[in-house]
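**Q** The following feature annotations were taken from Swiss-Prot:
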- 127, 128, 129, 130, 179, 180, 181, 182, 183, 184, 185, 186, 187: GTP binding site (BINDING)
- 262, 267, 269, 275: Zn(2+) binding site (BINDING)
- 78-237: domain 'CP-type G' (DOMAIN)
């Protein structure tokens, strides 16, 4: 039966299931289940107000016997990621494999650019480190540090780095774990939270692409106060709309501009005469291609 005299409860959306929202309540009670399957108030839809995993919400009309309720209001968000869609995250963890699938600098940069666009803390994690010889792994670590991302090296096979990763995730209220398919995100979460027992996929030998095992965003507890969002893998994040926004998304370019500001406000740091940006950093060709791609997309097509 619906408990009409129960006061409204606050909680967090921890998963989406078809047209339903799974909400975990803040206050544990013997009278009310800790998790409720909820619909949305019609007025939220009329206002065009979407509800996402990570949203803080108020639920009412609680049906104790069936663990159902209705989301009545959504609290203002402190942050929002568009892909994967997660509200109120504090850290973005980009997971990239050193092998199987092979490390791809262009793909890695796309994910790091997407993470930088959130203005949240970014942590780079290299997975499957047991597949590389120590010398090769050290070269990759130094390389990524030069990009501006000191990586955390982990292996679910040897256990390398798992304790440090768990500690760092526990320091963030909500971390979003993202990365290409097949890099081992589900394996990582299984190692960090064994009771999850998430399904693990494999990597296509021909395409070197992982097979999606996570189908939707879901939050999992990691310690008393921290949560981590498991997200579906995808292989080609989008670039920002405006090429002028790219310069703040590359840490190595940001450092250059802080030390030696370019005298041209609208400079894209390509071949502009007098541009003070040097070209002797590894990802400059990636930056350059991204600018060219965006300029190509922004040009109006000429009809015949």
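Positions of Cβ are set from backbone N, Cα and C atoms, glycine also.
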**Q** Can you tell me the CA-to-CA distance separating residue 267 (Zn(2+) binding site) and residue 181 (GTP binding site), as a whole number of Å?
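**A** That comes out at 36 Å between the alpha carbons.
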**Q** In angstrom units, rounded to an integer, how far apart are the Cα atoms of residue 269 (Zn(2+) binding site) and residue 179 (GTP binding site)?
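**A** Just about 28 Å between their Cα atoms.
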**Q** I need the CA-to-CA distance for residue 179 (GTP binding site) versus residue 275 (Zn(2+) binding site), whole Å please.
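**A** Spelling it out, the Cα of residue 179 (GTP binding site) and the Cα of residue 275 (Zn(2+) binding site) are 34 Å apart.
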**Q** Quick one: which residues besides 262, 267, 269, 275 have a Cβ within 8 Å of the Zn(2+) site's Cβ centroid, in sequence order?
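**A** Not counting the recorded site residues, we get 264, 268, 270, 272, 276, 277.
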**Q** Measure from the Cβ of residue 187 (GTP binding site) and count the other Cβ atoms within 10 Å, all protein chains considered.
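**A** Looking across every protein chain shown, the total is 20.
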**Q** Taking the Cβ of residue 267 (Zn(2+) binding site) as centre, how many other Cβ atoms lie within 10 Å?
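**A** So the number of other Cβ atoms within 10 Å of residue 267 (Zn(2+) binding site) is 16.
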**Q** Within 10 angstroms of the C-beta of residue 127 (GTP binding site), what count of other C-beta atoms is obtained when all protein chains are considered?
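**A** Its Cβ shell of radius 10 Å holds 27 other Cβ atoms.
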**Q** Among the binding-site residues 185, 269, whose Cβ has the fewest other Cβ atoms within 10 Å?
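**A** Result for the binding-site residues 185, 269: minimum number of other Cβ atoms within 10 Å at 269.
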**Q** Just the number: how many Å between the Cα atoms of residue 262 (Zn(2+) binding site) and residue 183 (GTP binding site)?
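**A** Per the Cα atoms, residue 262 (Zn(2+) binding site) and residue 183 (GTP binding site) stand 38 Å apart.
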